[in-house]
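What Swiss-Prot records for HIS124 is active site, proton donor/acceptor, and it gives sequence analysis as the kind of evidence. Among the features that Swiss-Prot reports, active site, schiff-base intermediate with substrate is placed at LYS151, with the record citing sequence analysis. The annotation 3-dehydroquinate binding site is assigned in Swiss-Prot to GLU33, TRP34, ARG35, ARG68, ARG193, SER214, GLN218.
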Amino acid sequence: MSLAHSLICGCLMRESTEDTARFLEYPGIGLVEWRLDALHGIHTRNGLDEALAGLSLPGRHPVIATVRPERFRGGFRGTEEARIRALERTVRAGAEWIDLEDDLPEDVLSPFRDSAARVVISHHDFDGTPASDPLKHRVEHLATLGAHVLKIATYARTVEDNLRVLELIPFARKQFGAETIAFCMGPTGRWSRLACLLMGSPWTYVRFPELPASAPGQFTVAQMQTLLEIVGAG
């Protein structure tokens, strides 16, 4: 695998577990974010167990397990307790990464930090992009939560919105020693999904061509591969 391909994380958004192996072993990427909240059977134990069997595939990519709640425009409609239990079972099944929202209390975050999985703490703003100071305060808050990687995604309405978000990557590294993924969603923010890699983000999120995007503005796997080749990354 080339360095450029290792920077690409494919987002698996699918109601069915059929053909899961093809996406977990998809060529030309380095990771898969599995949006388990999109699964039709996520609210039942058997449905989740059937899906998690895919984590036993020997040749799969590392997986970032995500069960996004409705409050962050995710598909999980059960109780918060049930959602956390689903995440715990996903870690026990062998997911290498777990994505957790930054509004979770410490007593929920702590067991995940102590688990075998690495933790992404994420913050999403689907309404817009705050000013620079509130964004930096948000990074400061995320950095206190003990994650391996911080993630901030806001919705861009102007080109300048992207610049404020992208500057969080070197800011977080310099101030807190934190690896940070920071980009903007939406049509105006699309280019930041490439630029964040050039600024030092460890990976960026793309969609599989056959599947829906997990957030507005995502490139396909092939599009991001081409863009990385054009700019000479990796």
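Start at 1 and count along the chain as shown; that gives each residue its number.
Every residue gets a Cβ built from N, Cα and C, even glycine.
Structure coloured by features recorded in Swiss-Prot.
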residue : record                                               : DSSP class
GLU33   : 3-dehydroquinate binding site                        : strand
ARG68   : 3-dehydroquinate binding site                        : coil
HIS124  : active site, proton donor/acceptor                   : strand
LYS151  : active site, schiff-base intermediate with substrate : strand
ARG193  : 3-dehydroquinate binding site                        : helix
SER214  : 3-dehydroquinate binding site                        : coil
Closest of the recorded positions to the residue listed as 'active site, schiff-base intermediate with substrate', Cα to Cα, picking from TRP34, ARG35, HIS124, GLN218?
HIS124
Between SER214 (3-dehydroquinate binding site) and HIS124 (active site, proton donor/acceptor), how far is it from one CA atom to the other, in Å?
12
Within 10 angstroms of the C-beta of LYS151 (active site, schiff-base intermediate with substrate), what count of other C-beta atoms is obtained when all protein chains are considered?
25
Would you count the other C-beta atoms found within 10 angstroms of the C-beta of TRP34 (3-dehydroquinate binding site) for me?
30
Whole-number Å distance between the CA of GLN218 (3-dehydroquinate binding site) and the CA of HIS124 (active site, proton donor/acceptor)?
15
In Å, rounded, how far does the Cα of ARG68 (3-dehydroquinate binding site) sit from the Cα of HIS124 (active site, proton donor/acceptor)?
11
Find the longest CA to CA distance in the recorded 3-dehydroquinate-binding set GLU33, TRP34, ARG35, ARG68, ARG193, SER214, GLN218; express it in Å as a whole number.
20
